[in-house]
C-alpha cells in the first residue's frame, strides 16, 4: 500500500480526481503509465508498400501490433497530423483498444452495420475498411459539426461509398438499413417522386434557405430542437441513391425490426472519458477546474448513465435477431459499464452476452461480469476501455 501511495503522489493529477477514482474502486496507479502509453495508428489496407516511406517521414520505426491487424505503435510524442501519409489518407490515429471494440463486432461481407455514436470517426473508418465493398454502414451522431468532421474523414480516406451519415439522437433513431428493392424504386419513378441523386458537398437551395432561417431564429445547437434525422452524407452504394425520402425514412414496428434491423451495431457511448489517457492529459492544458465540470460532477455522471442505458437499449432494438451488438465506453467506472450492462440485461429477456472469440490473445483482463473485458494502461498499454458483446435471441 505504501508503494502505491508513493507512485500516485508522483502523478500530475488533482486530489479531486484521485478521490473520484477511489470512490469508483479504481486504482489511481494505472495512470502512472499514462505518459509512456504508446501512440497507435492504423494503416489503410493496401498501403503496406509505403511503410518505409512513412517511417522515413516521421523519423520513427513503426512497430506492428501483433494482436491487431494493420495497427502499429510508436512513441507517444511523435506527431502525425502534418505528415504526408496522414494528409493523403494512408494512416489515421486510433487507439488499439478502440480497434479491439470494432473487431469484436465480427463484421462479415454484406453486413448492414449501425455506428450509433459515430463521432469523431476513426472507428467508423475501421468498420468501413473491414466491410469492404459490400453491405452498408449507417453512422449517427447528435452533434452536427462532429459528424461533419466524420464526413470529411470518409472523403479523405475514400471510404464513404457504402456509408450514410445522420445527425440524430441515438436514443430515438429508428431508421432501418436500406436494402435494395427494385419494386419500391420503380414505384417511386412511376409516381414521379423526388429521389436522391448522387451526393454533392454543395447544398441545395432549400437546405441553404433552411439553414439561414435557423440562424435568424437563433435556434439552439442542441439536438433536442431538431425534429427528424438529418441526412448529411451518403455514398453511391449506400442504398440511398434513386430512393425517395419516404423510402429512406421508412419506419417499421419492433416486430419487423427483428428481421429488417441491422446485422451489427456499435454503441460506443458518451461517457466521462476517465479511462482515455490522452483525454485526461488534455486537462493539464485546459485546466483542472474544467475536469470538475466534465468528469467529476455527480449530476453529469447520473445523466450519462441514464443516457448510456438509453443508447444501449435503442441500439439493441435496431438489431436483428441473431445479430451482434458491442457496447463500449472509455470510462473505467463500474457505474458506466457493468452497472449499465446488468440493468440492461434485467430489462431485455432477448439479450445474451457473448464471448469475444477474437480476444483470446488480447492484452486485456476480464471485467466484473463474465464475458466482458477491460483494457487499461497498465494491463494493455492502451487507453482504458470497457467492452461487452450481445446477441439478440428469438423469444
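Any Cβ shown, glycine's included, is placed from N, Cα and C.
Database features (TrEMBL):
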DOMAIN    26-393  domain 'SAM-dependent MTase RsmB/NOP-type'
BINDING   141, 169, 268  S-adenosyl-L-methionine binding site
ACT_SITE  330  active site, nucleophile
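Taking the Cβ of the residue listed as 'active site, nucleophile' as reference, residues of its chain lying under 8 Å away and at least six apart in sequence are, in sequence order, 97, 98, 271, 273, 274, 275, 276, 279, 383, 384, 385, 386. When Cβ neighbours within 10 Å are tallied across all protein chains shown, the highest count among the binding-site residues 141, 169, 268 belongs to 141. Using the Cβ center of 141, 169, 268 for S-adenosyl-L-methionine, the list of other same-chain residues with Cβ within 8 Å runs, in sequence order, 116, 117, 118, 119, 140, 142, 143, 168, 170, 270, 311.
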